[in-house]
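I have placed the structure first, in the form of structure tokens, so that the comments after it can refer back to it.
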Amino acid sequence: MLSRTEAGRGRLKALGLKPATDKDVHQARVCLLCVPDSAVPEVAQEMDRQLGRGAALVHCAGALSLDALGTPKGRPLGSFHPLCAVSDPRDTLAGHTVALSTRSRTLKTVLRGMADDLDLHVLEVPESQRAAYHAGAVLSAGGVVALLSAAVEALGCAGIPADEALTALLPLTRSGGSGHGGSRACGGPHGPHRPGRRGHRGPSPRLPAPGRRRALPPALPARAPAGRASPRPRSPHGPGGAARGAKLRQKACLSTAEKPLSTSPPLASPTL
């Protein structure tokens, strides 16, 4: 592990990880750039000067193509993007999926071997469709967290405390995802998936039919009377609700426990 900052080196020490020496970097055959997307081009140039001849440069960014690594001569280039939200050193990548991309057959074999060692399912993403892939990944993670946050707010309007709302909604969300039924979950040939087996067909009678606009209820006028400001909505979390809402969005993350990418094979030299 090679960190660019003093704070990063302190974290390595706290986690009991061995910092890479100049010799380690020069002998590495694969270098993983585990840095923010905006830092990838700069760090790639820096590592190109430090790595030995023929060593591969691999970034871990979901939205970036291989072009972000520049055009270093004689180096295989690739990307290794685990589809997993990691927020704790104890988190593990096992059981998740990793998106791979490389033009080198040799490097592809190495990256697939890394995925096998980490118990990751491999997904090969075409470079030309990188943006679409990343959009889907963001929707399935951050989108779910945003929806959960809104759902907690809705239950708060019904007088249900936030902690009780999460206790009720997290299992419901998991149950909805566990029975997604393939393409039906995303509006496939048979329409969107509806969790549960109640025997009903068609839209729920309590919901407006597709394509119909629902009028605002009388209690929520679309426009405030002239000369009067619209009432400011009250947070269901009470005073300081915005801060508590931010914490709830963090708690609502559905990722399971995972290990950091530092468990990569010895040949890989992650750069933080």
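Quick reminder: no glycine exception, Cβ is built from N, Cα and C everywhere.
A TrEMBL annotation is a machine prediction, not a hand-curated record.
Fair warning: this is a prediction, and the values are worked out from it, not measured in the lab.
Database features (TrEMBL):
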{"type": "COMPBIAS", "residues": "176-190", "note": "compositional bias 'Gly residues'"}
{"type": "COMPBIAS", "residues": "191-203", "note": "compositional bias 'Basic residues'"}
{"type": "COMPBIAS", "residues": "221-232", "note": "compositional bias 'Low complexity'"}
{"type": "COMPBIAS", "residues": "260-272", "note": "compositional bias 'Low complexity'"}
{"type": "DOMAIN", "residues": "104-174", "note": "domain 'DUF2520'"}
{"type": "REGION", "residues": "176-272", "note": "region 'Disordered'"}
| said: Mean pLDDT for the domain 'DUF2520' (104-174), rounded to an integer? | reply: 93
| said: Can you break down the domain 'DUF2520' (104-174) into helix, strand and coil residue counts using DSSP? | reply: 57 helix, 4 strand, 10 coil
